[in-house]
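One structure is given here, and the rest of the page talks about it.
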Amino acid sequence: MNWIYFFDLCGTAVFALSGALAAGKHRMDPFGVIVLAAVTAVGGGTIRDAIIGATPVFWITDPNYIAVILATVVACLIFIRKPYKLSNKSLPIADAFGLALFTVIGAEKALSLELSGMAAVVVGLITGVGGGIIRDVLCRQVPMVLRTEVYATASIVGGISYTISLQAGMGSMTALSLAMLSTLIIRLSAIHWHLSLPAFDLKTKK
Amino acid sequence: MNWIYFFDLCGTAVFALSGALAAGKHRMDPFGVIVLAAVTAVGGGTIRDAIIGATPVFWITDPNYIAVILATVVACLIFIRKPYKLSNKSLPIADAFGLALFTVIGAEKALSLELSGMAAVVVGLITGVGGGIIRDVLCRQVPMVLRTEVYATASIVGGISYTISLQAGMGSMTALSLAMLSTLIIRLSAIHWHLSLPAFDLKTKK
Amino acid sequence: MNWIYFFDLCGTAVFALSGALAAGKHRMDPFGVIVLAAVTAVGGGTIRDAIIGATPVFWITDPNYIAVILATVVACLIFIRKPYKLSNKSLPIADAFGLALFTVIGAEKALSLELSGMAAVVVGLITGVGGGIIRDVLCRQVPMVLRTEVYATASIVGGISYTISLQAGMGSMTALSLAMLSTLIIRLSAIHWHLSLPAFDLKTKK
């Protein structure tokens, strides 16, 4: 489990960074930045744990998550000089890794509690996209996740892939790699070629 | 309990539909539509279960709820042609039925855990209006529930009616019918005659 | 514990008042006012209890909290004539007392469950600022807590002070007074002299 735990902390740092950057666009004070970074990084997992009854939630019993968030925010406040360049290039890619990993971790946690495969997919989705939704709501935006960006889609496919692979008898590491790969391919393709699924648009229909 | 369970799934479908329609007004992609439909349909019950400690929450252990939501969204994406006509006429009425039923189901769940009558009313209210509030927040609107539409009011009256009826010794089915009737009468009257309680308006007071 | 409990109910009333005033600025109907006052008053503690697994959450098992909220809203609807005067002068000061107290109560609850000191600070912060964040989100504003108002800062310092004081062997009452004092001094100074920490502002950097 060491690799997964290490990746999990990396994912936490990436999502904390995306929260801190969003905070910087709204001129928040340093502790406001910490709060927004934190809800973005652990919001999805917190909702997951509250919903499945895994309380106290994970970051309460393991202080490393908060430590990673604090370190990320401090580094961010000190070093960031060209945020928009970072934001436009590196961040969505790192964010895709976070999404892929958090989806699998959420699904895994659900399955380890012997929940159904369908529940595992939904719990993985909540873990992957929950933090970003809270971040966008606090910044008064219609959540990016819900719009035409193939974001929820990538998480759902990853969760389904992970659950099916396990049920087909694959090893845990193979299933994890396969699931992360499907999420990453979908999401990175969408970013690179600006793909989007056809929107459900009620405005154009009279 | 079969009738209640059947009604519960109907209420889930109605709220999923209202979430899907809201998603259509914001041009979301199909999986975004699923997410918004789902939080609208099971958001209130999820908050309820997390608050009273009934975890894992209901839709995790019973896959029928997610199945109903998926079926509703698929039907919605395929068949809906005149959403605004539907939205203006049928939806608020169906929504009122969902509100009435979810209120009673929430209050019943609280009472079955031996919580106080006052808690049952509040838990019923949360179950009835929670999903709609999350839907409106995600779509960047001041929740309809909070504005002058006699919405929260109808749910509170229904919850009080259900709790008092039971405490007065009425049968479960009688209390349920009475409570749903009070919520429905209030809400449908408000819709039909555009009733609203006098608003608490601090802007006009200098 | 009697004093703390009494203060807790006072803090509940103050936050309920701030929710009711916010509702008045958005022309909500009386039951909408109750809902907004309630989420503001008990929202932070509810998230806290759901996260640490102290369910059913506090206001479900103790009806006094809902009673205090109802009484506050009724008094508010009847008596308030010059809300803006109240809002500009007395409310932020009362709100600072509520913040100071809720922070300590949250941290205390975490420590009583033998959680770590770091967790106690975060749980105190959530208790102190959670309700205000929900209030602002429902009213479609970027939460006041996150902006340049030294608000989260005051809560974090209070939580750290409380935790360290207890670990240094101080008595419960001394630690509580010290922590509330630090929060109050920081927050009231910020209000009085319009202090703010330098904002993290990514817009000005090209």
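Cβ coordinates come from backbone N, Cα and C, glycine included.
Straight from TrEMBL, the features:
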type     : residues  : note
TRANSMEM : B:6-24    : transmembrane segment
DOMAIN   : B:6-79    : domain 'Glycine transporter'
TRANSMEM : B:31-51   : transmembrane segment
TRANSMEM : B:63-80   : transmembrane segment
DOMAIN   : B:93-164  : domain 'Glycine transporter'
TRANSMEM : B:117-138 : transmembrane segment
TRANSMEM : B:150-169 : transmembrane segment
TRANSMEM : B:175-195 : transmembrane segment
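Between the transmembrane segment (B:63-80) and the transmembrane segment (B:150-169) there are fewer than 3 Cβ pairs closer than 8 Å, counting only residues 6 or more apart in sequence, so the two stretches are not in contact. Per-residue pLDDT, averaged over the domain 'Glycine transporter' (B:6-79), rounds to 91. Helix, strand and coil counts under DSSP for the domain 'Glycine transporter' (B:6-79) come to 63 helix, 1 strand, 10 coil. The transmembrane segment (B:117-138) and the transmembrane segment (B:6-24) are in contact, since at least 3 Cβ pairs between them lie under 8 Å (pairs 6 or more apart in sequence).
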